[in-house]
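Below you'll find the structure, written out as structure tokens, and then a few comments.
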Amino acid sequence: MGLCQSAEDKELTLKSKAIDKEMMANHMSQAKVVKLLLLGAGECGKSTVLKQMRILHDHGFTAEESEQQKSVVFNNTLQAMISILKGMESLRMTFDKPIRENDAKFVMEAHKMLQEAKVFPEELANALQALYSDKGIQTVMAKGNEFQMPESAPHFLGSLDRIKLPDYTPTEQDILLSRIKTTGIVEVKFQMKSVDFRVFDVGGQRSERKKWIHCFEDVNAIIFIAAISEYDQVLFEDETTNRMIESMRLFESICNSRWFINTSMILFLNKKDLFAEKIKRTSIKSAFPDYKGAQTYDESCRYIEEKFDGLNANPEKTIYMHQTCATDTDQVQMILDSVIDMIIQANLQGCGLY
């Protein structure tokens with residue numbers, strides 16, 4: 001009788017196998033959904049990285065979305081010149097041609113012209129182009145780190161011949177460089193290598209940060225983006241605080257947060273193209289007075305990497321670092337592919353499936 005399995009035992013065995021099967025199915029399901037959180041201080045390039053993910057993995061932007069971006073490009077173009085004119089005033093600099101004062105006054109009062117505009121107003125475009133060609137304005141733009149000049153200013157102001165055309169449609173590069181403040185949470189979904197990705201971008205300004213941690217403790221990885229080029233710039237919302245130092249403080253708080261102890265941490269040192277140009281003129285000593293190295297890209301970048309790495313209080317946690325240019329689609333694709341492979345592998349290992 002002891003050799004015979006009772007009906008009750010058989011039923012328990014079948015139930016156990018069913019539970020095991022269900023648990024494995026749940027593991028497989030979890031392994032096939034990866035949540036990524038993009039974090040970083042304001043204007044570091046998070047939204048640009050998210051747009052690149054859409055271009056590379058989510059069929060880009062529809063014709064309707066591109067059309068909607070026109071108003072953003074129009075406003076960014078106008079705001080670029082307004083910020084330069086304000087910078088000119090704060091730096092107490094002047095136009096090369098005094099007649100440009102009339103154009104400046106017109107531009108400063110032109111907001112209403114762009115409301116509901118389907119085509120960039122010709123009169124406004126002419127005024128902006130006249131100002132942009134003025135040597136005084138070009139001199140002010142060369143000092144853009146001393147005031148809040150948008151990094152996209154040269155692109156949009158230099159593209160007015162194209163932007164003012166009646167049939168203008170924003171290019172992918174226009175959309176990548178366009179900026180609107182992120183408030184709340186923006187999500188992009190895509191599939192890669194049979195894995196579903198959900199990527200979240202949240203507001204980077206200080207006022208938005210309280211929304212971060214409690215919502216995202218279950219993410220698989222954090223991509224933290226720091227603008228490496230902003231070592232000599234101050235915050236938009238606090239002009240006494242260095243942007244690089246603020247970014248490092250934020251990175252330290254996220255990296256060592258109890259909510260993210262087991263979360264993979266990936267650091268994008270972004271805007272490396274701007275950093276490469278700026279380092280020729282200005283040393284990183286403006287942010288790091290103790291820096292003793294040469295004023296070169298490689299040494300300066302290595303020092304900043306070491307600074308960020310030193311903020312990690314967990315010796316068992318690896319920070320995966322990449323130098324990036326978020327507006328370069330080819331480079332972003334190569335880095336994202338590498339990052340995503342690493343995340344998929346780590347996720348499968350975490351579920352016991354690798």
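Using N, Cα and C of the backbone, Cβ positions are placed for all residues, glycine too.
Look at Swiss-Prot and you will find G2 tagged as N-myristoyl glycine, backed by sequence analysis.
What Swiss-Prot lists as S-palmitoyl cysteine is C4, and the listing cites sequence analysis.
Taken as a whole, the domain 'G-alpha' (32-354) shows an average pLDDT of 89 in this prediction. Swiss-Prot lists 32-354 with the feature domain 'G-alpha'.
Summarising the annotation, Swiss-Prot assigns region 'G1 motif' to 35-48. DSSP assignment over the region 'G1 motif' (35-48) gives 3 helix, 5 strand, 6 coil.
According to Swiss-Prot, the feature GTP binding site maps to 40-47, 176-182, 201-205, 270-273, A326. Contacts of N270 (GTP binding site) defined by a Cβ separation under 8 A and a same-chain sequence distance of 6+ are given as C44, G45, V49, I225, A226, A227, I228, T324, C325, A326, in order along the sequence. Taken residue by residue with DSSP, N270 (GTP binding site) is part of a strand.
Feature annotation from Swiss-Prot assigns Mg(2+) binding site to S47, T182; the stated evidence is similarity to another entry. Summarising the environment of S47 (Mg(2+) binding site), the number of other Cβ atoms within 10 Å of its Cβ, over all protein chains shown, is 23.
A Cβ distance under 8 Å defines the sequence-distant neighbours of the region 'G2 motif' (174-182), meaning residues of its chain 6+ beyond its ends; these are 42-43, 46-48, 51-52, 55, 61, 66, 69, 72-73, 76, 150, 152, 155-156, 159, 201-205, 208, 326-327, 329. Here Swiss-Prot flags 174-182 as region 'G2 motif'.
Summarising the annotation, Swiss-Prot assigns region 'G3 motif' to 197-206 and lists sequence analysis as the type of evidence.
According to Swiss-Prot, the region 'G4 motif' annotation covers 266-273.
According to Swiss-Prot, the feature region 'G5 motif' maps to 324-329, an assignment based on sequence analysis. With a threshold of 8 Å between CB atoms, the same-chain residues lying at least 6 positions outside the region 'G5 motif' (324-329) that come near it are 45, 48-49, 52, 55-56, 172-173, 176-177, 225, 268-273, 335.
Cα of S47 (Mg(2+) binding site) to Cα of L176 (GTP binding site): a span of 8 Å. In the three-state DSSP scheme, I180 (GTP binding site) falls into the coil class. DSSP assigns V202 (GTP binding site) to a strand. Neighbour density for G40 (GTP binding site): within 10 A of its CB lie 26 other CB atoms from the protein chains shown.
If you take the C-beta of I180 (GTP binding site) and look for same-chain residues 6 or more apart in sequence within under 8 angstroms, you find V72. Taking only the Cα positions, the spacing between L176 (GTP binding site) and T182 (Mg(2+) binding site) is 14 angstrom.
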